[in-house]
Structure formats: structure tokens, C-alpha cells
Amino acid sequence: MHDMHVDLSPHLNQIRDCGMRRLLVLSGGAAWQRMQIESLIAQSEGDWLWVSETEPDIQGVQYQKPSGIHRLLGTALRHAVIDVNSGFHAEAFAVVSGLLAAGSLLVLQVPEWDGWSSLPDEDSLRWSDCSESVATPHFIERFRRCCREDADVMLWRQSEAFTPSLLPSVNRWIAPDGLPTPDQRELLSQLLRAEKGNYVLLADRGRGKSAVAGMLAERWAGQGECWLTAPAKVSVETLLEWGQGKVHFFSPDALLERCGQTPPKGVDWLIIDEAAAIPAPLLYRLASLFPRVLFTTTVQGYEGSGRGFLLKFCANLSDLHLLHLRQPIRWAQGDPLERFTRRFLLMDAEDSLSSTSSRSYRIDSLSRQQLVENEALLEQFYGLLTSAHYRTSPLDLRRLLDAPGMAFSVAKEARGGIAAALWLVDEGGLSPELARDVWAGRRRPRGNLIAQSLAAHGSEYQAARLCSARVTRIAVLPPLRRQGIAKALIEGAIADARGRGLDYLSVSFGYTEPLWAFWQACGFELVHMGSHPEASSGCCAAMAIVPFTPEAHALARRAKRQFLLSQLTQCSGLRHIGAVAPSPLDDDDWRELAGFAFAHRSVRGAQVALYRLLRHREAECPSLRQLLDNRQNEQQIIERLALSGRKALIQRWRDEVANALVAIDAECCRVWQAWATGQTALAR
């Protein structure tokens, strides 16, 4: 047992003098880890950020949960501890590695080294779609291998002697003096001369993006006004400091609301910090309101890829000017911690993409083992996904490496490079009882996005019972797009799904006409559409399936009918429902209405049946008619009825529907109530 204290002051002095940062991995028991960390805190002054699911009983540390680490974006700290003994939050690791200033240690607490990969990882509950945590051997082994192959990582195991080496000979670092660096001066000069246009500043963390934006606001103050927006105000503290009170901050929604009421006048610049984390439709709207806009975004960060942001957002931006900052200022060039993080989390994976324009390719399935054992293949696959989906993050790498039920395929060019990639996830197969509980709104097990949505938001309580696969990601190299490669990948997936005996293949996507045209050409049938645009895409979420079995074809027919009726009722209300809805109520109506009245079905999920119910004279339902017939919003109805809030209003609607069903047919109501509440077998 090697539990003696080790003097790390020479190492701390060295990284301080050379402007570097290092990773220290502590592998051992909790008490031993705590003893070493307390010794480190005593040896070195600093902020000592502590990232863990539970707050430590240690003086002199700044505590933050992994899930809240994004609140610290834009700040700079010295020294941090991340506890991954029970689960490895990869995004938190990425963020903290970018927050730490020169001269910092990142201390990582990990379990006993040799047995770590077989332990359940609590973080897997966020991304594995499993009801219980699972072991993540591929991700953990990747971390262990990266540590073994990096001589600058200090691995301290409780069971072994610890004799860490100093860094190789490095130059003394000259810390920033508060004046712009040559890179920053060049960009500032260009921005200060700008007459109009959209400027996108792309850089890795620690390069001084926020400082440049703040300097712009401060120096522009003599000419005009600058406004600022960002996903969170806490992330722009550095920018506001550099701006010296010359820049006005608004949240994105508040800014759009203000501009809608009073168009901005006399505001020369809008600065949008970490723009990749803001929905693209909102960015387009804001960009159209100001003569000059500066977007800043991180090349590879917590919210995803800045390079992908360029492809997805900037491709449609007029008068575009791309700017870059490459020289780090928060730490020295060649920093060991940055180098390790970038390799471990594949932050440079896009650099591995092929530049070919070859039109010769073949479709191959790809096993997880192939990805794990072939680093170049993994880099290409993950890099392609990152380039096409700018919200790809370290969480996706975790899912890719260890989540169960995943399937992959690629289009390979003649020389072996990947031209396109497809990622599928298995769904469905729920028990009849669980499927009914999902439909009724009583349970929402993890995963099964399409299957659960069709059950919970549509009327397809059987949907979650069928076995399916969902397209979760598809990407094609930019030079090879619109050549039928993506369609060929989907055709291969359809053939494979049929061969596996699945009921259907599904996809969920932000609805646009071009996207729907693609999926329709691949044989998909639209079965559901969200009623409100999603924040991430600004588009309504659409769901489509390719049915294979008779049960899936029947599901598709019912779902499409329900979808069309739902669209009609939203557009026309009660005026035209009589033209498409027969009377009396059929079994589908009774099922939906009982699910609403006696379980937890939503108004939207049951709305077609609710409209049909209101055609009956026995169905008085005065408050429900205010919503569906008179088209009043919920708040208006709450105020008119003097209710305590939305919960009370929904209960009023449920009670009204229950009373109406009793009035129409008390015995039928009793039977369907028992079915909807799970008191009788699934005979209906």
C-alpha cells in the first residue's frame, strides 16, 4: 500500500512558470483520494473547483454538479477536481479542461484502475436508454489507453509507488498583459472598419474570443452602441469585463421580443456569444435586424461543433466573413491538458475526413468492435457525424461506444475512406402492460423515442409493442451530397431491418420540405407532426416510418388517419369535424376518451376523439368547448373560470369528459375506464 504524501510542488511550480496545465489521475479508494487532494490543496493556492454529484466536506473548494457545469462557461479558474468514481460525465470533463487557466492541475478521481471498466457507470443513465446503469468498457478503456500513451499524464495509483516526471524542457511563459495579442489586434482592426455584414469568429477555447468581442464593444462606444446576447449571462462575464460597461446584454428571447416591439435604432453591432448553442431560426431572425453581427462560437465545445455550425448555419448567411483565433492566451502553446482532451474526446475528428470526390463507393455494415479497434475508422465515422450535426457532443461519443442496441453502416469509397455514415438504434418491444401504461401517460421508460411518441401523443397504444429501428444520425461528405449515397444507405438499412424481422424503420426530423422529400423518396410515410417548433431546430418535429409487417402497415394507416384528422381539427375546429368523423363513438373513440378522462392522456393526443365527443348533445363540457370550439387559450379559460392554474383546468376538462361518457353510455364507460386504468386485461 502506497499512501504516503508526495510533494508535487516542483510540478506545480513548473506548470505555473511555463504556462501549462496537466492531468493528474487518482486511482484508489475514496479515503485515500481525499487525503491526497487535501494535501494538494494545501500545497497550491487556487479556486479548486470540485465537480461531483455530491458536495464534498472540504474547506476551500468551489462546488458544482456535472449537470450544471455549463453555467461556468466563459470563466477562468485555477485547479479543479472531477469525481468520476460513480460515473464519467464527459461533457463536464471537456468544459473544465477549457476553463482552467495556466498553471492548473485537473485532478480526476477514478476507481481502482484494473477493475474500472467492468463497473456500472451511473452517467450511462443519461444516454444509454437503459433503466439501470451499465458498464462502459469501451469508453473507459479508451481513457486508460490515452493515459498510457501520453507521458505528460500523471497516473497515481494507490497500489503503486508514484514518481511523476516533470515536463520536458519548456520555455518560460509570458502571461498576457491585458493588451490585445497580434491575432486579436488584426481582428479588431477588421471589425472596427466594418461597414456592415455578418462576422463569424471561430476558435478553440482559451483563444480570447470573448476578449475580442469585449474590446470591440469598448472601442466602438465612441461611434455607436453594441448589444450582446448569449445562451446564459454567466458565460459572458469575461466579455462584459472587457466591454467596460459599453455593451448591453439581453437573453435571446428577450432581445427578439424587444426588437419585435421596437426595431433597434442606433445599434451598430449585435454580438452573439456561443452562437452554436442558440437555435438557427432565432439566429437568422436576429441577424436580419442589425447592420453588423458578430457570432462567436467554439470549434468543439460543450454544446457541439462550431465547424458543423458553419456548415449548417453559415451556409445560408449572407455577407459572411469568417474570422479565426488560433494562438492560445489562457495557457501556452502545446498545453498537455488540451492535447489530451482533444485526443480522448475526438475533438479533431473532422480533420480526418476524406477530401475525395470519387463517386465509386460500397455500402458496408460496421460493428462496434471495428470502431473500437480501429482509431482511424472511429475518427472518420465520428468526424463525419460531427461535421453534419453541429450539436454532436461528447455524450454522443459515449453512446456510440457503449450504448446497447446500436447499429452502424457506412458508404466507403474505393480507397477505404468513409463517404457517408448511418447510425441506427433499436426501439420498441415493450410488454403489452407497459405499452398500455405509456399510452395512458402513467409511465415513460427511457428511450424508444418514436414508439413512445406514437403511443403517448398519437392514438397508437400498440406502437411501443412492435419492434423497430430508428435512424438517429445520417451524414454524407459535403462534396458527395445529392448523389444518392444517403438514399443507398437507407435502402441498405431497410433491407437489413426486414431481414432481422423488425416491424418497421423510423426517423424523427425537423420538418422542412426538402427533408421530407428525401425521406418520402426513401419510402417513409409521415405519421406524426409536433404542433410547435422545437428550440433546437426551429422546425416542428416530424415522425415517419417504413412499415414491413401487417401490424406495422395497420399502425401506419391508423396513425396517418389520426394525423390528418388532427391537422384538420387544428385548422378548422368543430366547423368541419362532422364531415370526417362518423357518429356514434367507435372503440377507438372510447379508448381515447377513457384515456383522457381516467388516465393521463393529453388534450393533443386525444383531440380528434374529443372533437367527436363534442358533437353529442349529452356532452356539455363547457370549459372544454371554450378551448376546442371557441379557440380560447388556456390562460383565458383559467381566468374566466377563476381556477388556481393549469393543473386545475386540465382536471376540470377530465371531469367534464368523464361525465359526458357516463351520460352517453354508463356501462360502456365503466368497461373502458377499467381498461384505461389497467384494471382489466388487454382485450380491447
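From the backbone N, Cα and C atoms, a Cβ is placed for every residue, glycine too.
Since the structure is predicted, the reported quantities are computational estimates derived from the model, not experimental observations.
Under the DSSP three-state reduction, ARG330 (ATP binding site) is assigned to coil, being neither helix nor strand. Under a cutoff of 8 A between CB atoms, and with a sequence separation of 6+ in the same chain, the neighbours of ARG330 (ATP binding site) are ALA76, ALA101, ALA102, ARG205, GLY206, ARG207, GLY208. Under the heading ATP binding site, TrEMBL lists GLN184, ARG330.
Following the DSSP three-state reduction, the secondary structure of VAL476 (acetyl-CoA binding site) is strand. The Cβ of VAL476 (acetyl-CoA binding site) has 22 other Cβ atoms within 10 Å, all protein chains considered. Annotation comment: TrEMBL describes ILE474, ALA475, VAL476 as acetyl-CoA binding site.
Per-residue confidence over the domain 'N-acetyltransferase' (361-546) averages 90 (mean pLDDT, predicted model). Look at TrEMBL and you will find 361-546 tagged as domain 'N-acetyltransferase'.
Counting only same-chain residues at least 6 apart in sequence, those with a Cβ under 8 Å from the Cβ of ALA475 (acetyl-CoA binding site) are LEU384, LEU385, SER387, ALA388, HIS389, ALA420, ALA421. Secondary structure from DSSP puts GLN184 (ATP binding site) in a helix. Same-chain residues at least 6 positions away in sequence with a Cβ under 8 Å from that of ILE474 (acetyl-CoA binding site) are, in sequence order, ALA388, ALA420, ALA421, LEU422, TRP423, ALA486, LEU489, ILE490.
The acetyl-CoA site is set by ILE474, ALA475, VAL476; from the centre of their CB atoms, other residues of the chain with a CB within 8 Å are LEU384, LEU385, ALA388, ALA420, ALA421, LEU422, ARG473, ILE485, ALA486, LEU489. Taking only the Cα positions, the spacing between GLN184 (ATP binding site) and VAL476 (acetyl-CoA binding site) is 35 angstrom.
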